[in-house]
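Colleague: Per Swiss-Prot, ATP binding site is recorded for Gly162, Gly164, Lys165, Thr166. Positions annotated as region 'Domain I, interacts with DnaA modulators' by Swiss-Prot, on the basis of sequence analysis: 1-74. Annotated region 'Domain II' per Swiss-Prot: 74-117, in sequence order, evidence recorded as sequence analysis. Among the features that Swiss-Prot reports, region 'Domain III, AAA+ region' is placed at 118-334, with the record citing sequence analysis. The annotation region 'Domain IV, binds dsDNA' is assigned in Swiss-Prot to 335-455 on the grounds of sequence analysis.
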Amino acid sequence: MFNFEKFWQHFNDEMRARFNEVAYNAWFKNTKPISYNQKTHELKIQVQNPVAKGYWEKNLSSQLIQSAYGYAGVELLPVFQISEDSDTPERIVTPEPQHNLQTTPTRAPQREFAKDLKLNEKYTFDNFVQGEGNKLAAGAALAVADSPGSFYNPLFIFGGVGLGKTHLMQAIGHQMLVERPNAKVVYIQSETFVNDFINSIKNKTQDKFREKYRTCDLLLVDDIQFFAKKEGIQEEFFHTFETLYNDQKQIVMTSDRLPTEIPDLSERLVSRFTWGLQVEITPPDLETRIAILRRKAEAEGLTIDDDTLDYIASQVDTNIRELEGALVKVQAYATIEKADIDINLAREALVDLKLVQKNRGLQIPKIQEVVANYFQTSTAELKGKKRVRQIVIPRQIAMYLSRELTDASLPKIGQEFGGKDHTTVMHAYDKIDKQMKTDADIKTAVFDLKQMLEH
C-alpha cells in the first residue's frame with residue numbers, strides 16, 4: 001500500500017536539495033497533501049494561493065509524478081486546491097486568457113548589453129526576506145525566473161515605496177543571467193525609457209533605440225506609473241511591448257498602483273498589462289521586519305540581541321527602506337558613543353522617530369484596565385488562559401495596544417499578560433493589525449481605545 005505521507009517527505013527532501021531556501025519556502029513550506037485515493041491514485045494537495053497552484057501545475061506536477069513512480073511504481077494523479085483559510089494581505093489579479101499571438105524566431109543574444117546593466121548585486125532571491133506582505137509577489141517572481149516568457153507575462157508588481165518591488169524585479173534579472181549568461185537583460189527606470197526615446201528623436205537614432213529595447217530577452221521597467229499622461233511615450237512602449245510579447249520575451253514592471261489606477265494610461269496598455277499577473281506588495285508585518293533587521297545586522301557584522309531588534313522593528317512600520325535606515329542610524333549612534341548596541345542605546349538613537357514619541361507614562365496595567373472596562377470583562381481574564389472569543393479578542397487588542405502605545409518589548413508584554421510567550425504577543429499583534437483592515441467592529445474598538453488612552 002502506497003504511504004503518501006512518507007512519499008511526501010521523500011519528495012520534499014528531493015526538492016529541498018534542488019531549490020534554494022527562498023524558492024523552497026515559496027513552493028513547499030505551506031503546501032501539504034490532504035488525501036489519497038488508493039484506487040484512482042488521486043493525491044489531493046493543498047497550496048496557499050493561486051500563484052502557488054499555477055506553479056505546481058505547470059512546473060512541479062510532472063516532477064511529483066516521476067518521483068512517485070520511481071519511489072513506489074505508482075502513477076500518481078495530483079490535484080491541487082487552494083487553502084480555504086488562506087489569509088494574505090496582498091491583492092492579486094487573476095490573469096486574463098492569453099492571446100494566441102504569432103511568434104517570430106528568437107534573435108541572437110547580445111552579451112555586450114549585460115555590461116551596461118545596473119542590477120544591484122544585493123538584490124537577489126537569496127537576499128530577499130519573505131513575509132505575509134510579499135509572499136505572493138515573491139512566488140510570482142520565482143515562477144517568472146524559472147519560466148521567463150511563458151508563465152506570467154507580463155508580471156506587474158505594485159505597492160508603496162521601499163517595499164521590495166525593485167529587489168524582486170532585479171532578482172529575476174540576476175537569476176536569468178546565472179542560468180543564461182548570454183541573455184540580453186535590460187533594466188531601466190521609466191524615466192530612462194522616456195529620456196532615451198526623446199534623445200533618439202533628437203539624434204535621429206530611433207533604430208538604435210528600438211534595437212536596445214525590442215531585442216532583449218528580459219525587460220525590467222521600474223515605476224511604470226511615470227508613463228502617465230505621456231501619449232507619445234505610451235505609443236512607443238506599446239509597440240515595444242507588442243514586439244517582446246509576440247517574441248515570447250519576458251516583461252516585468254513595477255508601479256505604485258494598479259494599471260487601472262494610473263491616470264491617462266491608454267486603454268490598450270492597461271489591457272496588455274493585465275494579460276499576465278498583477279500582484280501587490282504590502283508593508284512588512286512585525287515578524288518580517290525583525291527578520292529583515294536580523295539579516296541586515298548579520299550582513300553588517302553587528303551583534304544585536306533579539307529585544308533590541310524587536311524594539312527597532314516596532315518603531316518603523318512603513319517600509320523596508322526606512323527600517324534599514326533606522327538600523328544604520330543606531331549603528332552610527334553606537335559608533336559615535338563608542339558603546340555596544342542595546343535597547344537603551346536604540347531608544348536614544350531613534351528618539352526623533354514619530355513612533356518613538358509614545359506616552360512614556362502609559363503602562364500596560366492601565367491599558368489592561370481600560371480594555372477590560374470597554375469590553376465589560378476583567379483584567380484577570382485578560383491575563384488568563386480562556387480561549388472563548390469574548391475574552392480572546394479583548395486580550396489580543398490589549399496586547400496590540402501595549403505594543404503600539406508603550407516601549408515594552410514582546411517578552412515584557414507577554415510577562416504582563418500572565419507569562420505568555422513573546423510569539424503569542426506577536427501573533428496577537430499581527431492578527432489585530434490584519435483584522436482592522438477587514439472588520440469594522442475591531443477597527444472601531446481599537447480607535448476608541450486609543451483615543452481613551454492617549455487623552
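Note: Cβ is positioned from N, Cα and C throughout, glycine not excepted.
A quick note: this is a predicted structure, and the numbers were derived from the prediction, not measured.
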Colleague: Please name the residue among the binding-site residues Gly162, Gly164 whose C-beta has the most neighbouring C-beta atoms within 10 angstroms.
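Modeller: Within the set of binding-site residues, the most crowded position is Gly164.
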Colleague: With DSSP assignments reduced to helix, strand and coil, which class does Gly164 (ATP binding site) get?
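Modeller: In three-state terms, Gly164 (ATP binding site) counts as coil.
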Colleague: Could you put numbers on the helix, strand and coil content of the region 'Domain I, interacts with DnaA modulators' (1-74), residue by residue per DSSP?
Modeller: 46 helix, 11 strand, 17 coil
Colleague: What does DSSP give as the helix, strand and coil breakdown of the region 'Domain IV, binds dsDNA' (335-455)?
Modeller: 82 helix, 0 strand, 39 coil
Colleague: What is the number of other Cβ atoms found within 10 Å of the Cβ of Thr166 (ATP binding site)?
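Modeller: Neighbour count, Cβ to Cβ under the 10 Å cut-off: 19.
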Colleague: For Lys165 (ATP binding site), what is the tally of other C-beta atoms lying within 10 angstroms of its C-beta?
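Modeller: Other Cβ atoms within 10 Å of Lys165 (ATP binding site): 25.
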Colleague: Which chain neighbours of the ATP site, leaving out Gly162, Gly164, Lys165, Thr166, have a Cβ atom within 8 Å of the mean position of the site's Cβ atoms?
Modeller: Gly159, Val161, Leu163, His167, Leu168, Thr254, Ile281, Asn319, Ile320, Arg321
